[in-house]
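Each remark here refers to the structure printed beneath this line.
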């Protein structure tokens, strides 16, 4: 990876004094060039699929004989019904759209180009014939005339399966898709193969479709709650920890109580309905409520135990949150970082999925065993999708790393600017400018390292899923152990990468030097890192729990009005997962700010001592936090050796304490 260096260079690096924001230079240029070449390769894959006609086949659709709908087609050798003029037939219609190949994940049906999709259900061949005569859209095979639909003996094979479900064209893709919920459930069965009872799956899908407005509203509620929590963090950070603690206690108790109350209420309510389907839905809801209530009770008990253990460290987190809150006051655009990152990821994922679909229809026409046409890529180009998958992981990690570098650069600018009135007008945009001008190579290298770890883990997970039930206990244990180890390694590298980006933002060094310097700082302050990260991450976790509990409780109350005809399980799970995802995206920015602040503080105390020419950059509040935490840990450990060992890296110049306090008093 190019991270190796000689002992002499390492010794020089260890003696090097950091000069924050003074020198800027381009870092890891070879990795930037490599990343650009890789992106050019991604563009080649998209261009190849478009050049081979895949774009037209994907957007306009094609029938089972290789004809693209909505245009004139060239004759394919030895393939019947090819080369037809489908200028007026712009939609793809499947004779049996709900017949799926569960292994290959595709529709096992003859596809035809038609003039219009049947908007109403057609129950008999007479209805199909009447539809063709009125709309000019023949739904049977090209070899069968509409007048022969009811008289030909081949109509049962060449015409669509009866009844023909009502369908509507998919926007922009010209496919006739069934609008019936039961057919959607069959589509889901192709993806959810572990569901043994299809009736349960049908009821779950029906519940989601019936409650889609409520699900959308609750997802919007989680977004609003996350934004409100970020605003609260900015202005009332001193009391936020206690507010979160009290609200989580009340929320967990209230949610658990409401679940048990609803369970008792529904269990005692008389079963007046005689409709079997509604009775089954009521039983499913009752069982789901019992599971939710038990899970909430266990979660509440565990939460109380954890908070009981952490109660003495809550005071340390209050000061840390206050400092981070000041950063958000000076850098309000930090709150919107998740939006820009999410928008960039969505754009890239949309491009990636579109290119993947292009690849699925690229290649040359080949006749399969049934006599129909499939498009396949032969030769080395058939492995392009592997390159495409690696691109998904690397570029996604690159976008996330750009966010980390941007946040780190903005917070570093805030911390190492002595007079906050001299901050740039928009430190976020200034950080983005430095990222683009100097450090894209560093971001590319860091994201590539994560990709190298993530790909083997995903391969092992795929192998484990394919061998489920087939491998022996020893192989299963080895696979799970390898997956777990790679996951732990990935998390550790993510944390180290984030601190390496901070070191790069401070001193403009390449990735390996920054990672080594950051690692040394973190090791010197290992106990302090563990204490701050444990308490800080736990309080941010409580914020996520608060948002999920609030959204889930609102979902329970709203879905309670649909208990007679809606299964709660899937809608509530979807809402809670989305709420957690949104809360994680927003609060992870706060976590980044805390981590960057701590590394800056550790570097500040290591290389500065408060003497003239080596003044501290930190403000009074942060030093008060250090003093308070030192007192609290001394009281907890009664001044033991462990405390002295922990505080040693943080106290760079204890003999100059009077000078340090004098400097702070002059700054206040």
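Yeah, the Cβs are placed from backbone N, Cα and C, and that goes for glycine too.
Keep in mind that this is a model prediction, so the values were computed, not measured.
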Given ranges 182-203, 314-335, 424-445, 446-467, the stretch to which TrEMBL attaches the annotation transmembrane segment: 314-335
Range annotated as transmembrane segment - as stated in TrEMBL, picked from 239-263, 264-288, 489-513, 589-613: 239-263
Of the residue ranges 214-233, 514-533, 614-633, 634-653, the one that TrEMBL records as transmembrane segment: 214-233
The transmembrane segment (538-559) touching the transmembrane segment (214-233) per 3+ Cβ pairs under 8 Å rule: yes
Touch test for the transmembrane segment (538-559) and the transmembrane segment (29-51), at least 3 Cβ pairs under 8 Å: no
